[in-house]
Amino acid sequence: MGVKAALPKYELYFYNFVLYMAMLWAATWIYDVSSTNTNRKTFKPSVKPGWYYVGRKMDTEDFEWVMWFSTFWEHILFALSGHIIFAKICSLLAPQYRSLVFMVYGMLAVFTSMGWAYLTLILSHCVLLYSISLVKLRWLCFTAGLTTLATFKMEPFISWQDGFVSGNFELRHVFFYGGCGFTIMRCMSFALENCQRREGNFSFLELLKYNFYLPFFYFGPIMTFEKFYVQANNPKLIRKEGEMWKISLSALLNLSAILVVDVLLHFMYIRTIPTDAKLLKNLSDWALIGLAYINLVYDWVKASVMFGVINTVSRLDHLDPPQPPKCITNLYVFSETHFDRGINDWLCKYVYNYLGGKHENILEELIATLCTYGITLLWLGPGWVVLLWAFLNCFGLNFELWTIKLFSMEPFSSIEMSMSDSMSRRIRALFNTFNYWTIVLYNILALNSLDFAKMVAKRLFLKGFPLTTIMVMFVTYCLVQVIKESERKQALIDDPDPIPPPPPAPPATDPTQAADATDEAVDPNKEKTE
């Protein structure tokens, strides 16, 4: 109940009004703090000259964004442009060999940027995991893959492998860890898919084609092997009607998002302010809570743009890559909380869904989530902050299942059935409101710092109680209702006409005829064989 329930229009208008006014109010607080504290000593390392013609400096605290769209944008653009040109020529002349051309260009690009020693290191990982995949034992593939991944997270293995890369250019470490990490995850996907193949094995060449596809090589996302294999080896390159228009629109949206983020970093120093503990203590409750929320939105936009640029290139290659992450604004359940859908799809396919089954058994769900977040912890790198983030999200995911199980029992199920659908939706939204802020706080912990997350939590639930707590929760409740309305409309678009129940079976005296009639009633499309 409460999933597809509609609310009165005036109620929805009120929720939207409250939501946008609250966001605007919080943004004005942050803008004021950014404008009046430009010359602080703590700001000088990260707030640097930007748009001099409007007198605004730029927040450069986020190294990843500066690396992508300021320092090395021209190099990345040059490499991807070359890939697009060669891929287009091959698609026109010999589409059956395009996956091979992708591989050759990718290997040449890796060799040019990182050298032959690094290329040899990558190939050695591919040979190792390919050899193990021939045994066709899932546990052995997992053990070998995770052990190999762990060698990039601990000494002395890090220093030893890092020595394979010559040169001291600024992007060297990013390329090194990105290429190696994603290579191992792709090799594990290949090995696990090879284990499931009943007859024969995939060739080593297919692994190289899969791993050295340049748009995914250094920065992801990860497309699981079975999807890449089918799509990259499809010689029939036929686009759907309007597909090029959608790709062009996606590229324009990514460009617009880059401009929006650039404006945001010039007028609101959302990445630098959380590093100044003294300034944070003097901020109002609304400014601090709004800063936490906008930080998460910014990180989503950044991830969406970074993956969106790569996805646009891969869609030009007739691939269907993992979609950008779902915005934190639209998240109120832990099961949809992820910033990288490629990693999320990988974990769900090979770990979470494989161990969790239908996700109805509490014990199976607990084991599945522990294993999933254990691999995530290894992928992100062991550390106290990452460990705490993984534990809290693992608990949140399981707590959701426990809560669903509890409220599906008596007397809660009967109480909800006696309510109207709209009232059920309102009560569910009330519970989702508290869930939303646990998601926000847990992710602030990983994206900013433990101190910042603790400060936001204290202001929201302790120092700001009851006025700030009630106001923020009410605004969040409005946000959840707006999200639910969007989901309701999307559900109606996806399934406008629900399938009517099958008609009752006609009466029959012969037991055999009665059984046949019942089967036809259950499945009217079932073919009759005589």
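Using N, Cα and C of the backbone, Cβ positions are placed for all residues, glycine too.
Heads up, TrEMBL stuff is auto-annotated, nobody curated it.
Counting same-chain residues at least six beyond the ends of the transmembrane segment (12-31), those with a Cβ under 8 angstroms from any Cβ of the stretch are 267-268, 270, 273, 283-284, 286-287, 289-291, 293-294, 474-475, 478-479, 481-482, 485. As annotated by TrEMBL, transmembrane segment applies to 12-31 (among others).
The transmembrane segment annotation in TrEMBL covers 65-87 (among others). Counting only same-chain residues 6+ beyond the ends of the transmembrane segment (65-87), those with a CB under 8 A from a CB of the stretch are 98, 101-102, 105-106, 109, 113, 170-171, 174, 214-215, 258, 261-262, 265, 302, 306, 309-310, 313, 316-317.
Residues annotated as transmembrane segment in TrEMBL: 99-121 (among others). Sequence-distant neighbours of the transmembrane segment (99-121) (same chain, 6+ residues past either end, Cβ-Cβ under 8 Å): 79, 82-83, 86-87, 90, 161, 164-167, 172, 175-176, 179-180, 205, 208-209, 212-214, 217, 232-233, 317.
Taken from TrEMBL, the feature transmembrane segment covers 212-230 (among others).
Positions annotated as transmembrane segment by TrEMBL: 251-271 (among others). Long-range Cβ contacts of the transmembrane segment (251-271) within its own chain (Cβ-Cβ under 8 Å, at least 6 residues beyond either end) map to 27, 30-31, 34, 43, 46-47, 50-51, 54, 56-62, 65, 69, 291, 294-295, 298, 301-302, 304-305, 308-309, 312.
Marked as transmembrane segment by TrEMBL: 283-301 (among others).
Same-chain neighbours of the transmembrane segment (386-408): 333-335, 337, 359, 362, 365-366, 369-370, 372-374, 376-377, 380, 416, 431, 435, 438-439, 442-443, 445-446, 450, counting only residues six or more beyond its ends whose CB sits under 8 Å from a CB of the stretch. Among the features that TrEMBL reports, transmembrane segment is placed at 386-408 (among others).
The transmembrane segment annotation in TrEMBL covers 429-448 (among others).
The annotation transmembrane segment is assigned in TrEMBL to 460-480 (among others). Here the transmembrane segment (460-480) has long-range neighbours at 14-16, 18-19, 22, 285-286, 289, 329, 332, 429-430, 432-434, 436-437, meaning same-chain residues at least 6 beyond its ends whose C-beta is under 8 angstroms from one of its own.
What TrEMBL records for 491-530 is region 'Disordered'.
Marked as compositional bias 'Pro residues' by TrEMBL: 498-509.
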